[in-house]
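Asks: Below are the features I grabbed from TrEMBL:
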type	residues	note
BINDING	K50, G57, R58, G59, V106, E116	ATP binding site
BINDING	N208, D222	Mg(2+) binding site
BINDING	N273, G330, I331, V332	substrate binding site
DOMAIN	2-210	domain 'ATP-grasp fold succinyl-CoA synthetase-type'
DOMAIN	271-391	domain 'ATP-citrate synthase/succinyl-CoA ligase C-terminal'
Amino acid sequence: MNLHEYQGKDILSSFGVRIQRGYVAKNANEAVAAAKQLTAETGTGWHVIKAQVHAGGRGKGGGVKLAKNLKEVEEIAGQIIGMQLITPQTSAEGKKVHQVLVAEDVYYPGASETKEFYVSVLLNRGTGRNMIMYSTEGGMDIETVAEETPHLIFTEEIDPATGILPFQARRIAFNLGLEGTAFKEMTKFVTNLYTAYVKSDASLFEINPVLKTSDDKIMAVDAKVTIDDNSLFRHKDYLDLRDLREESAIEVEAGALGLNYVDLEGNVGCMVNGAGLAMATMDLIKQAGGEPANFLDVGGTADAARVEAAFRIILKDPAVKAILINIFGGIVRCDRVAQGVIDAYKNMGNIDVPIIVRLQGTNADIAKKLIDDSGLDVMSATEFQEAADKVQSVLA
Ligand code: GDP
Ligand code: MN
């Protein structure tokens, strides 16, 4: 589950990580009230207005702007809320902005220069350990840093038995070129950040930039936080943080029906049981010259109700030109699936794309006969290659 910047910052703050403070606003009036509140609490005269959408690169797309007085807060908030924000990380049509974070300006001048860093916490799947990835090159795309100046990216692996140790926090602060107060602040920052990552069951914390202010405070200016969905049962309070407006509507609907569905760009809809077979089926479609329109794992119980739900989801995608149903009847018998397909097809009434059904496993022969005798416009196949050839022929 991905969080908005303001939600991620709330979590960080609750674990003692210093953040750029702010309040979320849904319209220009609320933004002005938030700005006044921040001025009262922090003394800041300037504010940053930040679009809250699940995408990075907002600054580049005009979704992060500095306001130097309340009139500008009102104007900029009014302009950003409701806009379609296009950033390097969104699709071409962009994302609608429903709310902004009104934050204190933390780039104020002072005794020393401000400096931006990059710090993230994530799982290194190779070693099975969490690691802190960090760089002196904050504020820019980490992908670009990795490509052009990879020697400026450092990693610190953490032993799960001990957690982050003081010498590791000091090494990070040292490699980032800090000294004095800023050095101490950074050790506290990364230690609390790591603890927050573990305790919140996150799978990603990406803080870019981490700012050293002109008075040597270290704080999170941005926060990209992903919580591991499998941990949500023990974080009931995080469930409310989910913003369905940020997710693909069709994926949300499929999820509610208990289907594992991922929307893709292609033209062949897939209905498969089991994630591994679903992946192999997508390869098969590509080999046959098509492009999968989706990943869809209907799970173990491919009965008529589920098959019908899957049909409805697949057919919501107007790009679909054919549907390949590829079911292995191990636990579920093929003849039951075939009957499910026939019932669902009849029930739907208006399927106007060709359907190729490959059923293999227990009672596959009975299933094939059921499909062939059904009188419906459904092609059956028993072999993988045969199914691929049929997909190819209907796409031609
Ligand atoms: P992103 O573009 O989606 O990654 O959004 P960020 O939260 O990282 O903000 C983008 C950029 O806005 C940052 O890299 C900063 O340079 C700038 N910015 C953020 N907060 C402030 C602030 O308080 N004052 C000023 N002057 N600039 C800020
Ligand atoms: Mn950022």
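Residue 1 is the first one shown; counting continues down the chain.
Cβ atoms here come from the backbone N, Cα and C positions, even for glycine.
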Asks: Can you figure out which of N208, D222, N273 (the binding-site residues) comes closest in space to K50 (ATP binding site), comparing Cα atoms?
Replies: D222
Asks: Taking only the binding-site residues D222, N273, G330, I331, V332, which one has a CA atom nearest to the CA atom of R58 (ATP binding site)?
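Replies: Of all the candidates listed, D222 is nearest in space.
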Asks: On the three-state reduction of DSSP, what should I expect for G59 (ATP binding site)?
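Replies: In the DSSP reduction, G59 (ATP binding site) maps to coil.
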Asks: Would you work out the biggest C-alpha to C-alpha distance among N273, G330, I331, V332, the residues that bind substrate according to the record, and give it in angstrom as a whole number?
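Replies: Between the most distant Cα atoms of the substrate site, 11 Å.
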Asks: With V106 (ATP binding site) as the reference Cα, tell me which of the binding-site residues N208, D222, G330, I331, V332 is the closest one.
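Replies: Result for V106 (ATP binding site): the nearest of the binding-site residues is D222.
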Asks: Please list, in sequence order, the residues in the chain of E116 (ATP binding site) that are at least six apart in sequence and whose C-beta is under 8 Å away from its C-beta.
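Replies: Residues satisfying the criterion: G138, G139, P209, V210, L211, K212, V221.
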Asks: Can you tell me which of the binding-site residues N208, N273, G330, I331, V332 is spatially closest to G59 (ATP binding site)? Compare CA atoms only.
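Replies: Looking at Cα distances from G59 (ATP binding site), the smallest one goes to N208.
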Asks: Return the members of N273, G330, I331, V332 (the binding-site residues) with CB less than 6 angstroms from at least one atom of ligand 1, or none.
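Replies: None, as no Cβ falls under 6 Å.
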Asks: For ATP, with binders K50, G57, R58, G59, V106, E116, what's the maximum Cα separation in whole Å?
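Replies: Binding-site diameter by Cα atoms for ATP: 19 Å.
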Asks: For the recorded substrate site formed by N273, G330, I331, V332, name the remaining residues of the chain with Cβ within 8 Å of the site's Cβ center, in chain order.
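Replies: Other same-chain residues near the substrate site: G274, G300, A302, I327, F328, G329, G361.
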Asks: N208 (Mg(2+) binding site): which of the binding-site residues G57, N273, G330, I331, V332 is the nearest Cα neighbour?
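Replies: Smallest Cα separation from N208 (Mg(2+) binding site) among G57, N273, G330, I331, V332: G57.
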Asks: What is the interatomic distance between the Cα atoms of N273 (substrate binding site) and G57 (ATP binding site), given in whole Å?
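Replies: With distance taken Cα to Cα, G57 (ATP binding site) is 37 Å from N273 (substrate binding site).
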Asks: Any idea what the Cα distance is from G330 (substrate binding site) over to G57 (ATP binding site), rounded to a whole Å?
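Replies: Counting only the Cα atoms, the answer is 47 Å.
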Asks: Given the binding-site residues D222, I331, V332, find the one whose Cα is closest in space to the Cα of G57 (ATP binding site).
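Replies: Nearest candidate: D222.
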Asks: Give me the count of other Cβ atoms within 10 A of the Cβ belonging to D222 (Mg(2+) binding site).
Replies: 25
